[in-house]
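Per Swiss-Prot, the features are:
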- 13-33: transmembrane segment (TRANSMEM)
- 38-58: transmembrane segment (TRANSMEM)
- 85-105: transmembrane segment (TRANSMEM)
- 107-127: transmembrane segment (TRANSMEM)
- 132-152: transmembrane segment (TRANSMEM)
- 161-181: transmembrane segment (TRANSMEM)
- 206-226: transmembrane segment (TRANSMEM)
- 227-247: transmembrane segment (TRANSMEM)
- 261-281: transmembrane segment (TRANSMEM)
Amino acid sequence: MINEYLKLMKPHVIWLLVLSALVGYIAAAGPLVNPIKLIELTVVGFLSTGGSAAFNMYYERDIDSLMVRTMKRPIPSGKVTPLNALTFSIAVSLSGFTLSYLWLGSWVTLMIALGWFFYAVLYTIMLKRRTWLNIVIGGFAGNAALLSGWIMAKPIDLESILLSMVIYVWIPAHIWSLAYYARDDYKRVNVPMLPTMVNEKASVRIISILNLVSIIYMLVLYQLYMAKLIGYILVIPATLAGIIVTIKALIKPSNESFRTMFKATSPILLLFLLAVIISRI
């Protein structure tokens, strides 16, 4: 049963957001990183992002039960009741906010709460079922994750904003490549996503271009602010792999090629974030 509640928190999704917050802190603090603060930020990040994910599961239980990709989730499968899921999401979220305020201060808590709002309220409730721009607007939750870590050590500045934009620029290609191969699911429940709103040829071009933009943006940003050989050992292979996967999907589009692109986007972002860490500590 405990495992089902953990699934509500989407650990396979939120770990990148938690890592983004840690990267924000490490990038700002450099060699002065406090290991205790890293642990506290990890706990707070897991609770707050997990709480918003659990709320998303609760709110979308109706469409999750109709989509092949999601019908085995805890609520549609009957393993967790909607009321218990809602109660769990509220309890976990409030725990995250409270610990954030006690451990990390009001500004960090404000940024974390802003990220929660963008995902749980703005994206999940207000936008997802109304416009294909849902992830474009709701994607600012990713910025908030990284910035919440940054302001633990420094005020927000141009570098922090540009660094947080890595997450924002990465999100559309990540989500829409999934939506491309799962477009029948999204059509079934009338959720507007780019691949369900434009023709297939346009979808392929837009998603591929956005993925290339995301990859190149990471490389350029690393060159501008980090530019250390040890980091390039991670960034350059990630860049090349991302370009190859994207070109293959562009030349020969299929559900499988876009599934491959989707699966590649997370490791590419991970390698960039790890490069930032090893370049700053």
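Keep in mind that glycine also has a Cβ here, set from the backbone N, Cα and C atoms.
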Tell me whether the transmembrane segment (161-181) sits in contact with the transmembrane segment (227-247), defined here as at least 3 Cβ pairs under 8 Å among residues 6 or more apart in sequence.
no
Determine which residues of the chain contact the transmembrane segment (13-33) at the Cβ level, with the cut-off under 8 Å and only residues 6 or more beyond its ends counted.
41-42, 45-46, 49-50, 53, 115, 141-142, 145-154, 159-160, 163-164, 167, 266, 269-270, 273, 276-277, 280-281
Does the transmembrane segment (261-281) reach the transmembrane segment (206-226), going by 3 or more CB pairs under 8 Å (6 or more apart in sequence)?
yes
